[in-house]
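Pulled from TrEMBL, these are the features on record:
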BINDING   B:His99, B:Asp132, B:Asp194  Mn(2+) 2 binding site
ACT_SITE  B:Asp101  active site
BINDING   B:Asp132, B:Glu167, B:His444  Mn(2+) 1 binding site
ACT_SITE  B:Glu166  active site, proton acceptor
BINDING   B:Asp194, B:His227, B:Thr329, B:Arg342, B:Ser416, B:His444  substrate binding site
DOMAIN    B:207-364  domain 'Peptidase M20 dimerisation'
SITE      B:His227  site 'Important for catalytic activity'
2 protein chains.
Amino acid sequence: MEHMDAVFKAIDEHQDEFIDLLRESVAIRSVSADPARRGDCIRMSEWTRDQLRNLGAETSLWDLGKQQLSSGEELPLPPAVFGVYGRDKSKKTLLIYGHLDVQPAEKEDGWNTDPFELTEINGKLFGRGSTDDKGPVIAWIAVLKILQRLGIDLPINIKFVLECMEESSSEGLDKGLEDNIDKISDITYSCISDNYWLGRNKPCLTYGLRGICYYFVEISCARQDLHSGINGGSVPEALNDLMWIMSQLVTVDGQILIPGIAELVAPVTKEEDDLYDKIDFCVDTFKNETGSHGLISDSKKDLLMNRWRYPSLSLHGVEGAFSQPGAKTVIPAKVTGKFSLRIVPHMTPEATDKLVTSYLESLWAKRKSPNTFKITSGHGGMPWVADFRDANFSAGSKAIERVYGMTPDFTREGGSIPVTLTIQDLTKSPVMLLPIGASDDMAHSQNEKINRENFVKGMKVLAAYLFELAA
Amino acid sequence: MEHMDAVFKAIDEHQDEFIDLLRESVAIRSVSADPARRGDCIRMSEWTRDQLRNLGAETSLWDLGKQQLSSGEELPLPPAVFGVYGRDKSKKTLLIYGHLDVQPAEKEDGWNTDPFELTEINGKLFGRGSTDDKGPVIAWIAVLKILQRLGIDLPINIKFVLECMEESSSEGLDKGLEDNIDKISDITYSCISDNYWLGRNKPCLTYGLRGICYYFVEISCARQDLHSGINGGSVPEALNDLMWIMSQLVTVDGQILIPGIAELVAPVTKEEDDLYDKIDFCVDTFKNETGSHGLISDSKKDLLMNRWRYPSLSLHGVEGAFSQPGAKTVIPAKVTGKFSLRIVPHMTPEATDKLVTSYLESLWAKRKSPNTFKITSGHGGMPWVADFRDANFSAGSKAIERVYGMTPDFTREGGSIPVTLTIQDLTKSPVMLLPIGASDDMAHSQNEKINRENFVKGMKVLAAYLFELAA
C-alpha cells in the first residue's frame, strides 16, 4: 500500500495519455452487430492483444469459430483476447473480463459529436464505447503501464479474457472458455467492470443479478382468422381467453399471483436489509427518469428490493393479434401471449417453470373454453448473487474508500449479465462487479460518455483493488 | 307474368352469350385498390356505360373527384355509371346498385386458373369478379337485353347506380349520390345484389345487417418503453391494466358484460323467430368451414341469432406492445387495446358509446391504477333492418319461388354493407338484398367463381322480380 500515493500521482499526471489511448480504441468501429464491421472487430481484438503484448503479457487470440447469419452467410467471429500477466505461483490470480465491441452508433441517430471520435466537453468524454466497455478495459491497461513505469511489482497474477461479441450475446465465448478451461483453472477471484453506478455521485459494488424465465401462452380458436361481422358471436375467441389468462398473473401493484413463487425466494437477512438504508438512491429522480405515472412503492428500500432481490412479472405483448395502427375487424385465430419472470435466489428456472405451468393449467381448466391452450417456456437464466462480505468485495470496497473517501453502496441489478455466471461457474472463483461509470453514461444510447473524473478515479480504484486483493 | 316462360327460355338459349359478356368484363382488371390499375377501373366504368347505352338507356358518368393516396399522390376516382332505362311516369322506379371493381388477384396467390380469364370447370365459372360483383351486374344487363329482343315492355322504370370503388370503401360514392340527389328522388324500391346465399343449395333474401362501434383503449405507464430487468417490479404496467380491462368485456361464451346493452336490443318477434326454424343452415358445416374448436351454441337458431340479430363483442388486438415472433423483455410504455361491438336495432352508435364509455370508466376507477387511461371510439355504423314482409321482399320471394320452386330463406348478415344504408337514406326507398351467388363462391379469395346454374337462374330471378314488383 505504500506505493499508492505515487501510483495515484502518476495516474493524475498521465491521464491525458490514457485518454488518448481510449480515443484510439474508440476510433476502431467494432460494432459486433454489423456484419460490415466484422473486420473492425477483429482489428479491435488484435489492437488490444498488441497493447497487452507491449506490456510484456503473454497473449493469444482464441479462435471462436464462425457466426451463422440469418441470411445463411457465415462470418468469422472476432477472436477473444487472452492475456497472462505474471506467473508467480506464490501469488493469487485475478481474472479480468471486459469487452471490446460496441453497440451500433451513427451521428444521425442524434449524437452531438462523431460517436467514433472521443470528444471532451465539460469534463465528459463522449464516444461510443467510452463507458461500455472500452473505458474500463483501457483503465486496466493504464494501471499496468503505470505500475511498470514506477517499477512496482504486481502483487497478484492477472489473466485477461476480453471478448468482442458481448453486444451480440457473447456468441462463441462459452465455447472459447471451455476449450481453454485449463488456462483458467487457477483463478482465485474474478472482476468484471461492465455495469454502472446506481446514481451519479456514489460508487457501488454489485453483488447480485436477477435471472429470467420467459413464457409463451398460445391459444387457438379456429383454423384461420375470422371476421368479427360474419362470425362475431359464434365462437369463443382466443384473444378473449388470452387476455383473461394474462390478467390473472400479477396485481396492479406487482404482486405475483402464482402460488408458491413467494416461498421460493430467499429470506432477506438483517445484514442485507441494513445495506439498503445506506444506498444513495432518490425515488423521485427514478420516477422522473422513467417518466412513469406512478410507482409501486414510494419507499426507497421497497422499490430497490422489488427491482433487485424480489421476483417480478412483466407482460410483454401478443403475437398473432392485430397490432398495427387503425381499425381492423379481425377475430384472430391463434394468439400467443408473452410474459416473463425475473427470478432471484433461491428460485431456479426449473422450479419456476413448474409453478407457472401448473398455475396456468389450473386457470385454463377454470376457464372452460373449448379452445386449444399451450404453454411453453423459453431458455431460462439463473440469478446470480455473491457474498458481499467476501475478500473480493472487501478489497473492492477498501479501494473505493481510499479513492473516494466513502464506502460504496452494495447493489444488485434487476437485469442479467450472463457472462457473470459463466465466469463464476467455469473458473469456480468468486466474481465481483466493479463499475466505474456513472448512471447517466447512456450506454447503448446516443451521446454515450464517461466522465474524465470517473475514468481517472476508476484507474486509481482498480490499482488499489489489486493491492487490497493481494493483501 | 304471361311472358315469363318465353323469357326463361330465351335466357336458357342465350346463356353462353351472357357468359361471354361476363368474360369480357372479367378481363378488365378493375382492381380499385391498385393505383396502377386505375386506368382499367375507368375503362370498366366506360365499358359498362357503353353496354347500358347500347340498350338505349340514358347514361352518364359521375365524376367523383380525386383520391388522395397516402404517398401524397392524387389519382382520379373512376366515375360511377348512372343509367336511366324507362321514364314512364305511370310506372314505379327501381334503383339497382352494383359495383364494377374487384379485389386484387394474381395467379401466384394460389389460383388454379388466370383470375382475369373466365374459365369454366364442371359448371363453375372461375374468375375475379365472377360473383363479386360483375356477375350480378351482367345478369341485370342480360335481362334487359332479353326483354328487348322479345319485344316485352319493361313493367317498371330502372335506374342504375354502378360504382367502381366498392372494394376501396366506396370512396366518392356518397358525394356522387348527394350531388345527384335530384336524379334519384323518384325511387320506389332499391335492390342490391352484392352478397351470397347462406349455403350452397337454397336461395335467400337478406333483410338485415349489423352496424359497428369500434373502440380504442389507450393506457400509458411511462414516457418511454422500459426494460423488464431494470424496471420490472417498480411500475404498475400499462399492459397489465389493459389485459384486465379487456378481460372484463365479454364472457367466454360471448355474453357482453357491459350493463345496459341487452336492454337496447329490439325484442324478437314471433314471426321473426319462426323464420329461423325454416332456414337451411348446418351447424356442423359452419363449424368445419371456420375450423373453430368450439361454438358458442350448438343450436342453429341461437347461432344464427348471435351472428345476425344480437350484438357481439370481439377483441382485435393491442397496438404498442411487443407483437413480433420471439422474446423481447420490454415493458411497453403505451398500449392501445382494440375491440368492437356489432350493433343491431334498436342500438345506435351514440347510445352504445355512452354505455361502453361509462362501463370502462367504472372499471378503470375500480382498478385504482396510477396510469393514464383514455377511451376513444371510431366512426360508428348503424345497423340496417328491412321489413321482410314488404312489397319488395314479396316480389323477390315470389320470383325465387317461380325459378327455384322453393321459398327463399329470409336472412340477415353479421357484417355491414354500408352502401345499403346510404341508398336507403338518400332515396328514402325500401332496400332489399338479393344475392344470386352461393356461399362457396370465394368472393375476395382465390378461385372466386359463380356457378353457371346460379348465374342463369339468377337472370331468371331478376327478370321475374321486375314483373312481380310491378304487379
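Here the Cβ of each residue, glycine as well, is placed from N, Cα and C on the backbone.
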Original post:
Helix, strand or coil at B:Arg342 (substrate binding site), per DSSP?
Top reply: strand
**OP:** List those recorded positions among B:Glu166, B:Glu167, B:His227 whose Cβ lies under 8 Å from any Cβ of chain A, in sequence order, or write 'none' if there are none.
**Re:** B:His227
**OP:** Please work out the number of neighbouring Cβ atoms within 10 Å of the Cβ of B:Glu167 (Mn(2+) 1 binding site), leaving out its own Cβ.
**Re:** 19
**OP:** For the domain 'Peptidase M20 dimerisation' (B:207-364), would you mind checking the mean pLDDT of the predicted model?
**Re:** 96
Original post:
Which of the recorded positions B:His99, B:Glu166, B:Asp194 has its Cα nearest to the Cα of B:Thr329 (substrate binding site)?
Top reply: B:Glu166
Original post:
Do any of B:Asp101, B:His227, B:Arg342, B:Ser416, B:His444 (recorded positions) have a CA within 10 A of B:Asp132 (Mn(2+) 2 binding site), and if so which?
Top reply: B:Asp101, B:His444
Original post:
Between B:Glu167 (Mn(2+) 1 binding site) and B:Asp101 (active site), how far is it from one CA atom to the other, in Å?
Top reply: 7
**OP:** With substrate as the bound species and B:Asp194, B:His227, B:Thr329, B:Arg342, B:Ser416, B:His444 as its recorded binding residues, calculate the greatest Cα-Cα distance and give it in Å as a whole number.
**Re:** 51
**OP:** Give the distance between the Cα atoms of B:Asp194 (Mn(2+) 2 binding site) and B:Glu166 (active site, proton acceptor), rounded to the nearest whole Å.
**Re:** 10
**OP:** Out of the recorded positions B:His99, B:Asp101, B:Glu166, B:His444, give me the one sitting nearest to B:Ser416 (substrate binding site) by CA distance.
**Re:** B:Glu166
Original post:
Can you tell me the three-state DSSP label for B:His99 (Mn(2+) 2 binding site)?
Top reply: strand
